[in-house]
Amino acid sequence: MTTDTLEKPRLSDTAQVDSQSIAPFPNSKKIYVQGSRPDIRVPMREINLSITPTEFGGEQNPPVRVYDTSGVYTDPNVKIDVRQGLPDVRSAWIAERGDTEVLQQKSSSFTQQRLHDASLDTLRFNHQRQPLKAKPRANVTQMHYARCGIITPEMEYIAIRENMSWQQAKEQGVLDQQHAGEHFGANIPDEITPEFVRSEVACGRAIIPANINHPELEPMIIGRNFLVKINGNIGNSAVTSSIEEEVAKLTWGTRWGADTIMDLSTGKNIHETREWIIRNSSVPIGTVPIYQALEKVDGVAEDLTWEIFRDTLIEQAEQGVDYFTIHAGVLLRYVPLTAKRVTGIVSRGGSIMAKWCLAHHRENFLYTHFEDICEIMKAYDVSFSLGDGLRPGSIADANDEAQFGELETLGELTKIAWKHDVQVMIEGPGHVPMHMIKENMDKQLRECGEAPFYTLGPLTTDIAPGYDHITSGIGAAMIGWYGCAMLCYVTPKEHLGLPNKDDVKEGIITYKIAAHAADLAKGHPGAQLRDNALSKARFEFRWEDQFNLGLDPDTARSYHDETLPKDSAKVAHFCSMCGPKFCSMKITQEVRDYAAEHGTDITPIAEDEVVRMIDVEAEMRKKSEEFREKGSEIYGKI
């Protein structure tokens, strides 16, 4: 037997979960909050905290619950096997609505072709489900149910998830101090109820991306009156990555807080890669279908047709993609407006459609067939992410006529989609200096009827290649505060190369910071509880609690250990920054102790005036006596 005749190992036999993605978070456990029925079990991560040291009062600190996107990967009671996919969450909910049917075969001709290609057997995900589709004349979107006055299990699940921090603060009655915030016209209630979720989806201010063919999904919501969400991008290219690497990026990204994942694969075996990703994803998956359609015509944009694109939409919808980026706003008349730009058209999808329009001198077929696309979307409950194909690629091009012209068209398309009860969010820039960001948010709300805004940053300056996660994180925090519903992460590799696992984590943590900062600035109920808990731990020198309450416990711990590696440093009442004699928090505590000992009341408001409260004359007499007792020598002997 020669090596040529040896059978390649099948991925369905060899694939393994990324071990780092299933490692438990320190001092944390997965908990589930049950809803009105046994199959509504909402996951959260509960961080257990240590007791406050006796010298600080000796009180028990209650655990802190945090929003958890990691799925069952961090549940030690669930056996993880990426070859089998994730447990089913939603199939019973979908079936009991009675408006779907099981297809006996895949509808896409491309899918059929791939299934009959024996050379792909080694790559195939073997446990494929038969696809669901809406029954004739039925509409299966969450928006349709919401407009019919129906509160779905998905909506109740989301209400429990979104309401977590507020409920926790209310129950504990501690650390519930929170600044009011400035919400710029958002309508954020004290309590998120299932009815509030329904009403926001019904009017189009929020979307629940939840394809009926993605039953593994843990429902989430995107909207300005909810917690700000973040998206992480993954995907192979013609030059790098494998299916296993992309699944590892997925599980790694959701571990650190990605609320959705976009698969932007442009390399080989896009169909098979996507199947593995969806079957192993507890978060919504988005794609840009024009990328795969372009691969089907060997990269020649002029050869694209509506028929090829339509088949691609159906292929991906039946796999379970939850939202599609569709660049239907790149109109023929807008393309010349980009000619004088510094960086022209930088969106890959936008440039593909611009080239097609110019080559045929015809209107964008995504625009002319938009209602046909809506028919497909509502048959599977795929949400629109209307793409900003003319977004600025440099701050010099920000807020120009091309960008805002497309945005106005996206507003028109939003209204068409809503006529079909199809869910919509709007994609936004890009590269925008800080003083021009709010104009983007205000115009989007006005033109698009408050449909959720989903932006890439924006990057606030162009001078920092290698640090664009920072340049964009600044803009992301600002636009999130102004009302943006979801922020698309940027990694340090932006403009330079494809991100690896470390880059994915750094991008996600950066954007979790931006999103949380926006929630704080908006005054989202309960958002400040985690900050308060960490601040209390910091003041009480509970180092392990500080690490564990942070977004990235591993990095915090490693930075601390670089200078204070011993276990004793984890209970020390100082850090490596100032040392034991200059720690401001230690000094403050000593001042409080002194005041308590001498009967002086120091309120939090008056702590900055503490020196005036202490009997200065008594202190001077005490020091004078100490000097005399030691022999009245200016320099003591050692």
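Glycine is no exception: its Cβ is also placed from the backbone N, Cα and C atoms.
Asn233 (substrate binding site) falls within a strand segment according to DSSP. Other Cβ atoms within 10 Å of the Cβ of Asn233 (substrate binding site) number 22 in total over all chains. The feature substrate binding site is assigned by Swiss-Prot to Asn233, Met262, Tyr291, His327, Ser347, Arg348, Gly349, Asp388, Gly389, Leu390, Arg391, Glu427, Tyr454, with sequence analysis given as support.
Classification of His431 (Zn(2+) binding site) by DSSP places it within a strand. Annotation for His431 (Zn(2+) binding site): spatial neighbours Arg391, Pro392, Gly393, Ser394, Ile395, Asp397, Ala398, Gly457, Pro458, Leu459, Asp462, criterion Cβ-Cβ under 8 Å with sequence separation of six or more. Under the heading Zn(2+) binding site, Swiss-Prot lists His431, His495.
Residues or ranges marked as [4Fe-4S] cluster binding site by Swiss-Prot on the basis of sequence analysis: Cys575, Cys578, Cys583.
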Which site among Tyr291, Tyr454 has the most other CB atoms no more than 10 Å from its CB, taking these as binding-site residues?
Tyr454
Does DSSP give Gly349 (substrate binding site) helix, strand or coil?
helix
Counting other Cβ atoms within 10 Å of each Cβ, which of the binding-site residues Arg391, His495 scores lowest?
His495
List the Cα distance (Å, whole number) between Gly349 (substrate binding site) and His495 (Zn(2+) binding site).
16
Over all pairs within Asn233, Met262, Tyr291, His327, Ser347, Arg348, Gly349, Asp388, Gly389, Leu390, Arg391, Glu427, Tyr454, the annotated substrate binders, what is the largest Cα to Cα distance, rounded to whole Å?
20
By the DSSP assignment reduced to helix, strand and coil, which category contains Tyr454 (substrate binding site)?
strand
